[in-house]
Amino acid sequence: MATDDNMRVRPLKDVIRNFTPAWFAAIMGTGSISLLFHAFPYGNETQTFIIFTLIFFFLNLTLFILFCAITITRYIMFPDIWGLMIRHPAQSLFTGTFPMGACTLLSIAVSLISEKYRFGGKAFLYAMWGLWWLDVAISIICCWGMVHIMETSQKHSLQSMTAVWLLPVVTLIVASSTGGVLSSVLQEYDPGYALFTQISSVFLRLIIIGVPQGGNVLSVFLPLGPTGQAGYSIILAGQYFKEALPLRHGGSTFMNDPSTGNILYVVCICGAFILWALASMWMVFALIAVCDELRKTRIPFKVNTWGLIFPNGVYANLTIALGSTFDSPFFRIWGAIYAVFTLLLWSFVAVKTVQLVHNRSIFEAPCLQELNLTESVTDRKNCPSPQGSVCLTSTPRTI
């Protein structure tokens, strides 16, 4: 039977206090669904698919603004939480979900709203370009900053290592793919800016014990993110080089050779196919690991479950892109099937999240729970009662 404490609705202040960076994984997941509708191999140019793309885009934009507002409020109301969060060996790694979620919004804003509907013209496109550079800066800080913090301020071991460690590095890969989308649209307005953006995207992409138990087993899908997103980004780079080269100006023999664009295109497609093969292999391993864990125990549902959507979404996106490149029914059909699977997965996670948001039980910040546990133990030790009963019934202190 549920206790009164479990039935009591948590106050809004407590929800804000426990609003962790992992919530931006929902932005990544929802954004990947809008990208899948935009890239679906069958009927993606129809009005129905465009409408669904825009529905998920504006839903994602609304959630992004809301989550940013809550996050800012959190650190204004509880400034000490930032230090606790950034030192936490797991929660701090999810800071990278913020720039990655923003990239999914930028991709649709550029490829659909700007390129197809010409909304805002050159000014809107350049505004998105400026936001992309801001996203790149944040991604670089998340990547190198978090790696530095992991080395100097956190305790890690090989036994505790999970695929969540990939999150800080993946920020640069996601930014590179969005740069590939931008460069193809910028080409119409300024080929020089487009080439600089594409070269920067290529640079960003180049610098990057057993199966985890319990709920952490879901992290085994995360490697699909960097492999799938990197493969898609490489395809975009190849398509850009094929169309933009030769430059027909300047003194570079390499950049003016008629065959350079096609050679780079072939190299990029081969690289993308290799990454797709690696992602497919890891996808099989991940499914086996999850099925094995489900036979042993139930996997608890937490906000981190949103981390399932984006890796599977970008894998489906890469598969669809290869289907278009190779004109292959296999890749098209498999990409479509996996896209539908990802949509169903998003629907399940979204419905479950709404249910738990309603009773506010999903809002948990592990770094604060550990702090409260430590304070409860300290209070009990300092309690005048022999059994510590007075201290145990008191509420944990708030930062």
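Each residue, glycine too, has its Cβ placed from N, Cα and C.
Automatic, uncurated: that is what TrEMBL annotation is.
Annotation comment: TrEMBL describes 21-43, 49-72, 93-114, 126-150, 162-186, 263-291, 303-324, 330-351 as transmembrane segment.
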So which of 93-114, 126-150, 263-291, 303-324, 330-351 has the most C-beta pairs under 8 Å when paired with the transmembrane segment (162-186)?
-> 93-114
Selected stretch (most C-beta pairs under 8 A with the transmembrane segment (93-114)) from 21-43, 126-150, 303-324, 330-351 | 21-43
Which bits of the chain, at least 6 residues beyond where the transmembrane segment (303-324) starts or stops, bring a Cβ under 8 A of a Cβ in it?
-> 20, 22-23, 25-26, 28-33, 35-36, 39-41, 94, 97, 100, 104, 164, 215, 218-219, 221-225, 227-229, 231-232, 235, 272-273, 275-276, 279-280, 283, 330-336, 338-339, 341-342, 345-346, 349, 352-353, 362, 364
